[in-house]
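Have a look at the structure below before the remarks.
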Amino acid sequence: MDSSFPNNNKRLYQIWKGRNKFLCGGRLIFGPDASSLVLSTFLIGGPALTFCIKTFSRLSNDLIFLFMTSSRNPGIVPRNNRPPESDSASNSTSSMEWINGATPDLKLPRTKDVFVNGYTIKVKYCDTCLLYRPPRASHCSICNNCVQRFDHHCPWVGQCIGVRNYRTFILFVTTSTILCMYVFTFSLLHLLEEPGHIWTVMSHDVISVILIAYCFIAVWFVGGLSVFHFYLMSTNQTTYENFRYRYDKKENPYNRGMIKNIKEVFFSNTVPSLVNFREWVTEEDDDFALESISKKFGGDIIKSSMKVDLELGLFGKDGKPIPEMLQNLDYKGIEDSLKKDR
């Protein structure tokens, strides 16, 4: 405190006879009923804060469904190390097409008949996974996996859509549609409420114009996708089956009526995963995989004196990896050159 003022001196607000309330050393002056400021703040900021929270909740739900769809196992079918036994596979099929691609010594029918809800369904053999695909399963060429109830591979989520993530995919598409309509409506209302000519208002509020244009375009895509998948749910079809006209000329054995079909998607338990990707496994040499690779890609390049590692490449007799430069050499051309020199 300044020494020029006596110790018994006080600030004016400290001895003020009025009923005002002072804060911050007299810098802020309130009336005696300043508590009403809290109520007024709540009445003004409450609706705006609620609107922001509501908008954020719609956005967060959409992002949660997106992440759940992209990160969940869509229903990958575990692979076989060896093909199934030919005797058991040939007992229940009438197909005359036989598998002899990578394994010419093995005779397996290309298709097999199974019964689903009293209907005969043909399932195909997968050369990559070495198994007969379950009904409604298909092999995704992008993920290189057989997926249960394969719907399609969605590039927007970067994942296959199958039996285990179809529900979250539908919720993701639906919430995206609602979010686009929500932003479009309130952005348009904001422009219409501004005084002045509409073109003048649009020139001063470019962000709202961009949001309106973006949401108008996006809602046709996600909205159309939502309607299309609602039709697929109602008829218990997959996108893969619909695009291939699977049930145009025959009855759908999985269709149980619109209500039950929708309940099956939204109110049924999630199918357990067939693959535990967190289990501990031992990496072993697979002679059958080596044989398949040699027959399909190498021919006489991969000899019995070499082993193949899918990451490191070829190994020589001493067990040491052969340099990549030597692996890519044209040995046939070298032999021809030596013969000419001789």
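Cβ atoms are placed via backbone N, Cα and C, with glycine included.
Feature annotations, courtesy of TrEMBL:
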- 37-56: transmembrane segment (TRANSMEM)
- 76-95: region 'Disordered' (REGION)
- 123-244: domain 'Palmitoyltransferase DHHC' (DOMAIN)
- 169-189: transmembrane segment (TRANSMEM)
- 209-232: transmembrane segment (TRANSMEM)
Reported in the order helix, strand, coil, what are the DSSP residue counts of the domain 'Palmitoyltransferase DHHC' (123-244)?
70 helix, 18 strand, 34 coil
Same-chain residues at least 6 beyond the ends of the transmembrane segment (37-56) with CB under 8 Å of its CB atoms are 30, 182-183
Averaging the per-residue pLDDT over the domain 'Palmitoyltransferase DHHC' (123-244), what integer do you get?
91
